[in-house]
């Protein structure tokens, strides 16, 4: 680009800067147009991985009871496709109950940061056949490779792994972490698709869908597609009001309760 | 039919919630208990986070108590004067209780404290009520319809207290300090346990104050309206844990149940009413005690860090 500009403006001492700028802009535009015109042919070798979602917004409406989003894409040839759906990072406390006398009570706890609120891995075949552990660990693929950061703990370091495993297990029990991998369907070694399921209790926030193209055990290409999980409509308005105008919301909740209680008493009296 | 709860952030079956509301409303109408001691554990069992269960439960109890009070007022079963004195104490008690709750929370183990409180009070209250009402029924069977009300022993020091007031509906002439103190004590406990407090209030009114059972139910409900309204407001303002969608569903079920409950309650005799309530209280107590002692299925629990 710089070369083009020098060719187009041989005389650098020209006083009229406006003309100079206009000329430069023209050349840049021409270069861009040329690059764009060439693009269709160049696309396939340059982009080994193309991905999109059927929807970039998971809208939690009043009738929400879980939803599916279709992920689809194409590769430039044979290879394994691995998908990671990751929710926003959160801070979680894992508590462990112990017997104190005859009563079971919480005793030890470990607090973790950087815990994805939601986590699911998709792959076209078992992960261990696709790539070595080091590669999976580098990209945090698989629950055992998640980078939880223990920030506060009441136990010795040697007991922390038990808490980490419990965190993953409890998340899986709540349907927020996948058990193993979900399937990715490959078509003719070029196209792929996967059904991303989001359960009714899916946490809200900014998600990312990471797609990796892996060939011979190494990552050839990666794409990150954003996905937003958000409350929509009446539910969202109620939530916002509760967050922003707590006292007023509380008063309204009381008024609604008193009114409906009174209404019911009046309505049912006739019977 | 599923519905998404915006504050609890979960999807629930509408009919399960309506049915739960009905059941709690029925108890509220029949026994004069707000039902919080059942509502809170039930909501948590469904997977609602404990703070949301407490805040929303309180909101629902406001409605069912209003319905219950109206039904009992029509039968002339509410002593507003007594209720007012109890309420004054209750507000003092619950405000101090909120402070105490915060203190326990900072010390950790608030969950255990709540469970132990439940087991202790439900056990004592339920046990005493069951024994007393069974004895009363036994006496009636033997002697006919004249249950002897012999509380003269306690009256001696009670009657020596100053600020005497006449509570005509309750047929009592006692010091106002007594119901005020009862209100403070119950208010304190209810703030910690996150319930309206009817299950403590009702027996205390019967056994400590000596009020007639029929008046106790309506008067207790009257007081519960204000205590739970206070809780709802504090929870909504401080913690944003009141889910109005969940509350409204519970209310719809609850108001219908409360009417049915009030009718049944009016038909049952005082002793029968007390035996049933005692059994219910003991059942909940037993469940909570079992959970404390039994080996948990998973010793680990996951909680969201709240700052």
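Here the Cβ of each residue, glycine as well, is placed from N, Cα and C on the backbone.
Away from its own ends, the transmembrane segment (B:12-38) comes close to residues 1-3, 5, 46, 57-58, 60-61, 64-65, 67-68, 71, 118, 122, 190, 193-199, 202, 216-218, 220-221, 224, 228, 246, 249-265, 268, 273, 276-277, 280-281, 284 of its chain (Cβ-Cβ under 8 Å, at least six residues beyond either end). Residues or ranges marked as transmembrane segment by TrEMBL: B:12-38 (among others).
Distant neighbours of the transmembrane segment (B:44-71): 5, 7-8, 10, 12, 16, 21, 24-25, 28-29, 32, 34-36, 78, 111, 194-196, 217-218, 221-222, 224-225, 228-229, 231-232, 235-236, 239, 241-244, 246-247, 250-251, 254-255, 257-259, 261-262, 304; these residues of the same chain sit at least 6 beyond its ends, with a Cβ under 8 Å from one of its Cβ atoms. Taken from TrEMBL, the feature transmembrane segment covers B:44-71 (among others).
Residues annotated as transmembrane segment in TrEMBL: B:83-104 (among others). Cβ atoms under 8 Å from those of the transmembrane segment (B:83-104) belong to residues 110, 113, 165, 176, 179-192, 197, 201, 219, 222-223, 226-227, 230-231, 234 of the same chain, restricted to positions at least 6 beyond its ends.
Sequence-distant neighbours of the transmembrane segment (B:110-131) (same chain, 6+ residues past either end, Cβ-Cβ under 8 Å): 37, 50, 101, 104, 189, 192-194, 199-200, 203, 207, 274-275, 277-282, 284-285, 288-289, 291-292. As annotated by TrEMBL, transmembrane segment applies to B:110-131 (among others).
Taken from TrEMBL, the feature transmembrane segment applies to B:172-200 (among others).
If one looks beyond the transmembrane segment (B:206-229) by at least 6 residues along the same chain, the residues whose Cβ comes under 8 Å of a Cβ in the stretch are 28, 31-34, 36, 58-59, 61-62, 65-66, 68-69, 72-73, 75, 77-80, 82-83, 86-87, 90-91, 94, 128, 132, 149, 151, 167, 169-172, 174, 178-179, 182-183, 187, 190, 196-198, 265, 270, 273-274. Residues or ranges marked as transmembrane segment in TrEMBL: B:206-229 (among others).
Counting residues 6+ beyond its ends, the transmembrane segment (B:241-261) has Cβ neighbours under 8 Å at 3, 5-8, 12, 14, 17-31, 39, 43, 48-49, 51-52, 54-60, 63-64, 67-68, 71, 232, 235 in the same chain. For B:241-261 (among others), the entry in TrEMBL reads transmembrane segment.
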